[in-house]
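If you check TrEMBL, you get these features:
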DOMAIN    A:126-500  domain 'Myotubularin phosphatase'
BINDING   A:N275, A:I276, A:C338, A:S339, A:D340, A:G341, A:W342, A:D343, A:R344  substrate binding site
ACT_SITE  A:C338  active site, phosphocysteine intermediate
COMPBIAS  A:596-612  compositional bias 'Basic and acidic residues'
REGION    A:596-629  region 'Disordered'
COMPBIAS  A:619-629  compositional bias 'Basic and acidic residues'
Amino acid sequence: MEHITTPKVENVKLLDRYTNRKAANGTLYLTATHLIYVDASAEVRKETWILHHHIATVEKLPLTTAGCPLLIHCKNFHVAHFVIGQERDCHEVYTSLLKLSQPVKPEDLYAFSYNPKMSKDNREIGWKLIDLKVDYQRMGIPNDYWEITDANKDYEVCNTYPPEIVVPRAANKATVIGSSRFRSRGRIPVLSYLYKENNAAICRCSQPLSGFSARCLEDEQMLQAIREANPGSPFMYVVDTRPKLNAIANRAAGKGYENEDNYDNIRFKFIGIENIHVMRNSLQKLLEVCETKSPSMSDFLTGLENSGWLRHIKAVMDAGVFLAKAVKDEKASVLVHCSDGWDRTAQVCSLASLLLDPFYRTFKGFMVLIEKEWIAMGHKFSHRCGHLDGDPKEVSPVFTQFIECVWQLMQQFPCTFEFNERFLLEIHDHVYSCQFGNFLGTCHKEREDLKIFEKTHSLWPFLLQKKQEFRNPLYRGFTAYKELQPNTLPFSFQFWCGMYNRFDKGMHPKQCVLDHLLSCMSQKMKLEDNASELENKLPFLDGPLPTEACSFPKMGSASKTPMLNTPQDYEGEPPPVLTNGTAVWDVEVMSDVDQKNKENLSKHQDLHDLKDTFGVLDSEAKDGKPQHP
Amino acid sequence: MEFAELIKTPRVDNVVLHRPFYPAVEGTLCLTGHHLILSSRRQDDAEELWLLHSNIDSTEKRFVGSLGTIIIKCKDLRIIQLDIPGMEECLNIASSIEALSTLDSVTLMYPFFYRPMFEVVEDGWRSFLPEQEFELLSSVTDEWRLSCINKEFSVCPSYPPVVIVPKSIDDEALRKVAMFRHGSRFPVLSYYHKKNGMVMMRSSQPLTGTNGRRCKEDEKLINATLRAGKRGYIIDTRSLNVAQQARAKGGGFEQEAHYPQWRRIHKSIERFNILQESLIKLVEACNDQSHNMDRWLSKLEASNWLTHIKEILTAACLAAQCIDREGASVLVHGTEGTDSTLQVTSLAQIILDPRCRTIRGFESLVVREWLQAGHPFQQRCAQSAYSNSKQKWEAPVFLLFLDCVWQILRQFPCSFEFSEHFLIMLFEHTYASQFGTFLGNNENERSKLKLQQKTMSLWSWVNRPQELSKYKNPLFEANSLVIWPSVAPQSLQLWEGVFLRWNRSSKFLDEAYEEMVTLIEYNKQLKAKVNALRRKLAELETDDRMQENL
């Protein structure tokens with residue numbers, strides 16, 4: 001709280017990002033965890049909540065006649081443009097937010113103060129909800145070829161791996177230790193996924209310390225052990241997910257990639273996914289496109305192309321598809337790495353698992369997948385998401401890209417996921433929110449040191465509580481689809497408006513099919529209950545029931561999804577000008593009634609600024625009633 | 001002329017057919033006057049292809065030794081390939097297809113030969129008469145009249161025999177206005193907004209020329225639609241520049257001085273070959289199998305297709321906004337008033353009028369605002385995206401309209417009675433059809449061709465319940481509101497159902513659709529069941545009570 005000098009500022013305007021509609025006027029509050037804006041000009045109380053941890057950047061723009069503008073960009077792609085009357089107030093809010101949004105000490109993260117009034121027991125049970133051992137059991141491990149070893153229990157092998165790892169039985173302790181010395185940061189090859197049908201495995205590691213000529217017998221034995229754990233295939237793939245040039249450049253630093261001559265029966269392959277810096281810049285460009293005011297179609301498509309974002313998404317997807325095909329069609333095991341094996345490798349391995357195994361497309365399975373491939377294997381969430389004040393060059397949207405790949409798959413295979421888009425967005429929000437312990441720190445060891453299992457809550461039980469709103473009404477069940485083979489031609493990838501323009505409700509479909517179907521689902525349950533209740537009351541009934549549609553009332557209003565709908569800025573920018581140079585909405589010739597209409601027209605009425613991001617005020621968001629003009 | 005003369009080889013065996021998403025099929029190829037038929041001899045599943053010659057946009061032939069290959073590109077954007085053994089047979093087939101798919105006489109087209117195999121319940125030719133439309137209008141306003149001035153198509157060749165005009169303007173005045181408008185397309189009623197009594201009219205450009213000609217009757221006509229003290233908006237679908245240039249050719253636009261109560265807004269919408277080239281580029285981009293994302297996005301951008309979509313929708317939204325929000329009447333025109341004008345007036349009605357979002361209402365809209373309004377379908381839809389011949393009249397104007405409707409449907413998925421399939425069906429029939437509906441360029445030509453007597457109407461077929469059910473939107477819940485679509489680039493998408501239809505499998509999307517239908521249908525049945533149970537229970541309770549009373 002010591003950072004908050006001005007907890008409340010009145011007469012603050014909130015500008016609309018796209019149109020010149022009249023700005024909202026209200027009061028801004030700073031709490032220990034949130035920035036809250038209460039719109040006083042709206043008829044219904046409208047609140048905008050921004051979690052401090054969600055703030056990516058705060059900018060003070062040059063003073064205008066209206067006041068001092070404060071522009072906030074959030075990590076969940078919410079953009080808020082405030083104008084504060086007094087320069088001094090603005091500055092105080094600005095400096096407070098700078099400190100609040102990027103704490104220096106881990107103990108200041110929200111998760112350590114978040115108290116959902118849950119018993120200690122329940123909190124502990126929450127952390128036990130996801131047990132990776134169970135997932136390995138599901139794959140049939142331990143078996144003749146693979147074992148779960150505690151070789152890393154004191155982080156001797158690798159301090160960014162979890163204590164328990166899965167390695168080939170044939171690889172003894174010496175092999176493991178030897179291999180770890182030859183792999184960047186000791187990240188040895190371990191099992192990510194075993195495809196039970198044919199014993200082909202996906203394994204992951206970091207780059208070898210091969211330099212120009214170095215080799216390591218234990219590492220070669222390790223790969224041999226992995227290959228031989230799949231007797232059905234005479235060879236295995238080694239996939240380096242970096243562009244070849246990057247990998248070659250690494251050799252000069254004593255790192256690099258596997259020499260095919262030194263390893264028996266491997267097929268080595270590069271898949272050019274760019275590094276974290278390219279991805280960060282790409283996202284930056286994409287967001288600039290998304291934020292452009294009244295862009296033409298051409299501006300937008302050119303910007304989308306120049307950002308390279310969809311090209312990168314496609315590269316990640318292609319790599320995932322390659323892995324899945326190698327395992328399923330070629331029955332070959334695959335070892336995947338990039339540089340450190342915690343960014344691209346995590347994306348690609350988790351995507352391949354998702355393509356191969358329908359379990360990972362369920363609620364539980366998706367949580368397991370994230371825990372396993374991302375959290376346990378040391379994806380540096382804290383650095384990549386910029387949880388703490390740190391090196392901005394470490395920040396990169398690696399996990400966002402994975403989430404987007406899942407969304408792209410949902411577009412192609414709408415019946416194969418148990419959960420819907422909102423589940424993805426919710427997870428994405430919490431990766432940045434620091435409200436739960438799961439994504440804090442950079443690896444298992446660090447989370448232990450931070451005592452997150454003692455001091456914080458796990459996200460997953462909270463998500464499961466909201467299962468009803470996150471489920472996919474079109475899901476055909478666990479057994480309906482096995483492996484997915486997505487189309488990866490460029491036209492199969494869409495711009496994800498629901499993510500990058502998520503808070504610009506005006507751009508989204510005004511009627512939501514998902515809402516409609518979800519209400520169908522809940523209605524269905526109610527009706528089934530009704531029917532069985534009524535049937536019980538009619539014990540003497542014989543003969544078939546009339547099933548013809550009868551004069552029951554139209555679908556209850558509850559099933560109607562609210563439609564947010566007002567015209568937008570169709571006149572374009574700048575407003576069309578007549579030949580004589582006057583603006584179209586020329587005031588002089590207008591009658592009073594026209595004048596009033598004009599105001600309505602130009603401010604386009606409340607397009608329902610559903611700016612509130614955080615679930616806390618979700619009820620507010622659903623407030624948009626159908627607008628009858 | 002006999003078709004037999006054009007068919008050099010009527011039948012070839014051992015032809016292999018390749019088409020998207022199906023395994024290759026071997027069979028016998030037959031050519032008839034109007035169809036290319038391939039039937040496999042396998043008895044188990046009589047695999048057959050029936051392709052209308054008129055659906056063929058272009059053909060290419062290739063030879064490897066004596067094996068010939070004909071690649072057939074269709075107007076519905078599908079590409080199929082026939083492998084034909086024997087060079088002579090292949091050449092014969094190719095030249096026959098070429099000749100049969102480019103017949104120059106309308107009366108040789110299939111609709112004149114088609115014998116329907118279904119019972120006609122309702123004659124589609126009589127389903128949407130202007131008189132019925134006027135009757136509906138008369139129930140809400142008496143300010144308009146039905147004029148038979150164009151009975152023999154004597155005043156305006158591209159207008160229907162009867163039109164709706166302001167009551168205060170007599171036929172004599174109309175004749176004068178017709179002289180003042182391009183192609184005699186004087187302003188007529190397009191839409192009446194019941195909510196506030198505002199109207200939308202459409203016409204062609206006024207013939208002001210360089211010296212600023214005026215026509216008092218024209219001014220009087222359009223002013224007749226204004227309420228006292230109110231102004232109206234003229235939406236010119238050309239840029240100001242283009243409109244000014246039109247004066248040199250005798251055309252022009254309404255000058256402020258002569259139309260002081262009107263404000264003119266220019267909203268540029270492209271026409272003719274620019275649109276056609278846009279379609280060709282878009283389809284080329286969609287058929288590109290390269291895995292290069294940048295190339296795809298750059299081609300998509302360069303096609304400008306979505307730019308046209310955005311422009312058309314924006315103009316339509318503006319027209320609707322003037323009427324509904326501004327409470328003003330609107331006149332829409334471009335040059336001829338047969339293309340971009342109709343895109344704007346018909347889309348504005350979709351936005352404003354819930355009736356146009358029903359199947360019946362949409363059909364009526366297509367009839368009123370496109371067929372009767374004189375959109376030259378035959379000229380515009382003679383060729384599609386694969387045609388090599390450069391003819392200047394082709395343009396996917398109607399396809400753009402359908403695409404815009406699809407964009408609105410995507411944004412308001414519960415507000416339309418019909419689904420995407422309905423729009424795709426209409427797209428197909430405008431380019432090649434067994435029905436006479438889209439033949440000819442206007443009512444005048446259609447009446448000369450005696451289409452009503454000699455051909456079947458598309459509506460006769462579509463409006464039968466078993467056919468209609470295919471096009472119903474399971475999510476439909478009647479919505480009486482005005483629907484305002486977003487025209488932001490992020491909100492507009494490529495219409496996959498048309499442009500990617502033959503390039504990627506829709507299996508999983510179709511399954512999702514089925515799943516959705518199942519869920520909704522099951523709910524309906526459950527509801528009916530619960531109601532039936534309730535009634536039954538109520539009856540039993542009444543019986544009990546009566547027995548107690550006895």
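Cβ coordinates come from backbone N, Cα and C, glycine included.
Unlike curated records, TrEMBL annotations are generated automatically.
Taking the centroid of the Cβ atoms of A:N275, A:I276, A:C338, A:S339, A:D340, A:G341, A:W342, A:D343, A:R344 as the substrate site, the other same-chain residues with Cβ within 8 Å of it are A:T241, A:R242, A:T345, A:V398. Around the Cβ of A:W342 (substrate binding site), 25 further Cβ atoms fall within 10 Å across all displayed protein chains. Per-residue pLDDT, averaged along the domain 'Myotubularin phosphatase' (A:126-500), amounts to 97 for this model. Within 10 Å of its Cβ, the residue among the binding-site residues A:N275, A:C338, A:D340 with the fewest other Cβ atoms is A:N275. For A:R344 (substrate binding site), the same-chain residues that are 6 or more apart in sequence and have a Cβ closer than 8 Å to its Cβ are A:T241, A:R242, A:I273, A:V316, A:A319, A:C338, A:V398.
The substrate-binding residues named in the record, A:N275, A:I276, A:C338, A:S339, A:D340, A:G341, A:W342, A:D343, A:R344, extend over a maximum Cα to Cα distance of 12 Å. Reduced to three states, the DSSP call for A:C338 (substrate binding site) is coil.
Annotation note: A:N275 (substrate binding site) sits in a coil segment as assigned by DSSP.
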